[in-house]
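Scroll down for the structure; my scribbles are underneath it.
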Amino acid sequence: MPNQFNHMSQHEAGLEAHQFIPLVKIDCSPYLKFLLCSMYVPICLKNYHKPLPACRSVCLKARRGCEPIMERYGFFWPKRMDCNKLPVHGDTKNLCMPYNVTEPRRKPENCPCRCSGSYVPITSKRSILYNQVRTGGVLNCAESCHSAFFKDDEKTFASFWIGLWGALCCISTLMTVSTFLVDRDRFRYPERPIVFLSASYLLVSIGYLIRLIVGHEKIACDGNVLRYGSTGPALCTAVFFLTYAGANAASVWWVILTFTWFLAAGIKWGQEAISSYSTYFHITAWFIPIAQTIAVLSLSLIDGDPVAGICSVGNTSLASFRGFLLAPQLVYLMLGSVFLLAGFMSLFRIRSVIKAQGRSRTDKLEKLMIRIGVFSVLYTLPAATVIGCLFYEERERLNWQRSINCDCIKRKQPDFSVFMLKYFMQLVVGTTSGFWIWTSKTLDSWRKCLTHAFCWRRRRELREGSVRSEAKYAPYRANQVKLLTPLTNV
């Protein structure tokens, strides 16, 4: 002290600087506080006897942000704070203090949004979509048949990728179900739900293969527009039923699988006791997904998937996405994980008791624990990954759409690899569900089946050959009887 305004104390300087408090509170400029401090309470440096004010650029930025607000209330920028009197940054004769700060990006007061890019504007009042669809916050703006975010080569790869894993899933699950039909007695509870889980994924894979054969446009699109709020045509409904009901049925069977493991390991239920409730398991596992599917159909919430080219739910409505996709999958995974963890804890406890009693034959139990553990990882990891991808899409979808329709918003592009990961993880569980049957017992079952079928066919051929032989020599034997009859009468 004194400062450039000849204030002899900080108290005196504070009384005058107090008039700027409203501007500081509303944060009209991030440079204002620094500018006021440099003017009213200047810095003092040892061995430097000249004033060290703020640079002119700091003053200009503070004035640019605050002066319009001051003028709105009838005030003007003080003449004694004239920015032209301050030195320029870089002047070697007159040093000054710069102030580097990242200014927050302010939204323009007027941000026009319109249906643009590859989105399709709905202009005809006769259209059933008129005043019914909204994309990126713009009314009467519909999504195009194919995704607006990805390039042509990415769309081609997506079709190949989904078709590849759909085919592999179909082969693996078909093999699992066929093995069960060949040797049903081999698959008992608590492991039997794995077979029905595979059967559910078989339905899902068939739905994706239908899309691969028929094509993206015939299923997911209505002309050049993505299919909205549909209960038809029949092909779209069929694909939706296979993929949606099948995926939810697989999730419910996963919960039942972990529940039966818990009954066997935690409560010490036997196979017969668990099997006695198999009817209730089937009612639960098929009724819940079918009820979900009927709810979507009755509310006309089926829509097209612009990436996968199938009919599903939640592609054009975030509310449907949360209620019919994200929430059910999250609940199923959490329930199954609780039962799985409880069952594992019981198995570890049983193993410890057996070893404590001096029994060394824990090989079968350890092998069962390893198989259950591997299969659990093969399900829970993909299921958790799919839920993570769904959360990512739910959080960012509106921002992606607005970045296309609104000029003032920076373009945001979804990560293509996240979508490919989602579809891969949805189908890989069905592919790896065959892990449970990949044993030597499966080969023995098929060997016995083929041997039985071959022997049955051989016996049938021999039996038919014997019948034909008897028919061939029947007239000759009849003649012999006629010739011998008179001799016997003599």
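Placement of Cβ uses the backbone N, Cα and C atoms for every residue, glycine included.
Here the candidates are Cys37, Cys44, Cys66, Cys83, and TrEMBL names Cys83 as the disulfide partner of Cys59. Checking the candidates Cys28, Cys37, Cys44, Cys96 against TrEMBL, the cysteine paired with Cys55 through a disulfide bond is Cys96.
Candidates considered were Cys28, Cys37, Cys44; the recorded disulfide partner of Cys66 in TrEMBL is Cys28. The distance from the Cα of Cys28 (disulfide bond) to the Cα of Cys96 (disulfide bond) comes to 23 Å. Over all protein chains present, the Cβ of Cys66 (disulfide bond) has 22 other Cβ atoms lying within 10 Å.
Nearest neighbour of Cys83 (disulfide bond) by Cα distance, taken over the disulfide-bonded residues Cys55, Cys66, Cys96: Cys55.
Of the candidate disulfide-bonded residues, Cys55, Cys59, Cys96, the one lying closest to Cys66 (disulfide bond) when CA atoms are compared is Cys59. Cβ environment of Cys55 (disulfide bond): Leu86, Pro87, Val88, His89, Cys96, Met97, Pro98, Tyr99 lie under 8 Å away, each six or more residues apart in the same chain. Across the domain 'FZ' (1-99), DSSP helix (H, G, I), strand (E, B) and coil residues number 49 helix, 4 strand, 46 coil.
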